[in-house]
């Protein structure tokens, strides 16, 4: 007699019949069947087996043919018995011993098991049949419900290192492996290292002992299928990527050469290096109006600003009306950037193009202290801290100049393309000149919002009062742009 039939004395009577009577009808297919081969580890979880399942009624009136029919077509089942123990009710009829798990026969193919494969089911953790089938918590994403009994092992092996058994981080060089074995194999191949074994070349390689013998570890890497050529191909791809980056940088510099931008800065640079305390003009307690002096210096700088713009690559190729629009939109920011960078060596003040030094106290006395302090803290101080050079200043000013959002442009996309070229050239310059400062390019760009905000505030407070007198700015700029380009 089978072990299943011998345990019938533990079963409770159902409907006037003993469960032993019910079980006898299944003897023909349960005898000699190894249930353990079909037990899914996820069904033993405390959360129970989730999902929608149907099972045939185990009833004495069903012979073997009745059982087979019920397995093939659940709709032909007699009225099932509802078990208060497992709470499932229809479409389940469960044989429930007082101790241990109950047994149900699912007929739903969605579980991934063959029809009629028995399952172990926890009677105290049943769920609604309308829920989706999910793996129990704790193994979700690691072990999946297999399509066949051996699927659990096939899925599990993808998540362990084939060399040492540690947790795999993915497929590396053809084999699922951990980061440690991946790095070990890559170093060995790239450096062309050779190892020797102190024992008999059959050392145990596992998670704890993988570092004891490098020879055996490397041999196991090869034996499990790691490919040396995969490492070499990876290195070649990295080399090609670096070459492409260099070519891209060179291409960007050819379109918008930073050397030309630097030449433009030097060409319009005022000769203020020889000023002394005597000719600074505005001492801290000077009665002179600092706003008037700033406006006079800005008026002078407008001439050189047009000259500077003409020297920026591709600016003169734009339509004349667009050139006027761009200068009109950015002149205040362009001048502020210039005198801010010129004032890096000055303490608590700014140095104008005329050689005059405006102290912070004078600005506060004139009622423009708030905006003056913003210039010192958000521009001058930041430029000083990062030691911004002339090339970087010129590129930032070129970015301000090529503003595609300026109203009235005939071709904003062309202006935007020129700005993108300046971005690319500046980034390539930072990488080449300051390789130890990977965030320098971003730091430079972060000065632009502050420059924009300060420029707008300066206009609001008439910081450049009477900048060009009674001459309309459009007419003034138009005359300057139509003048021949004086190369000095």
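Heads up, residue numbers simply count up from 1 along the chain you see.
Backbone N, Cα and C define each Cβ position, glycine as well.
Listed ranges 174-179, 180-185, 186-191; the one Swiss-Prot annotates as region 'Nuclear localization signal' is 186-191. Checking the ranges 137-156, 197-216, 257-276, 277-296 against Swiss-Prot, the zinc finger annotation falls on 197-216. Looking at the stretches 353-373, 374-394, 395-415, the one that Swiss-Prot records under the feature region 'Required for nuclear export' is 374-394. A 10 Å radius around the C-alpha of residue 342 (all-trans-retinoate binding site) takes in none of the binding-site residues listed as 161, 164, 178, 181. Panel annotation: around the region 'Required for nuclear export' (374-394), residues 258, 261-262, 264-266, 336-338, 340-341, 343-344, 346, 348-350, 360, 426, 429-430, 433, 440, 443-444, 447, 450-451, 454, 457 of the same chain, lying at least six beyond its termini, place a Cβ under 8 Å from a Cβ of the stretch. The distance from the Cα of residue 161 (Zn(2+) 1 binding site) to the Cα of residue 353 (all-trans-retinoate binding site) comes to 68 Å. Residue 342 (all-trans-retinoate binding site) carries a helical DSSP state (H, G or I).
Neighbours of residue 164 (Zn(2+) 1 binding site), defined as other CB atoms within 10 A of its CB across all chains, total 23.
Within 8 Å of the Cβ centroid of the Zn(2+) 1 site, not counting the listed residues 161, 164, 178, 181, the chain contributes 162, 163, 165, 166, 168, 177, 179, 180, 182, 207, 210.
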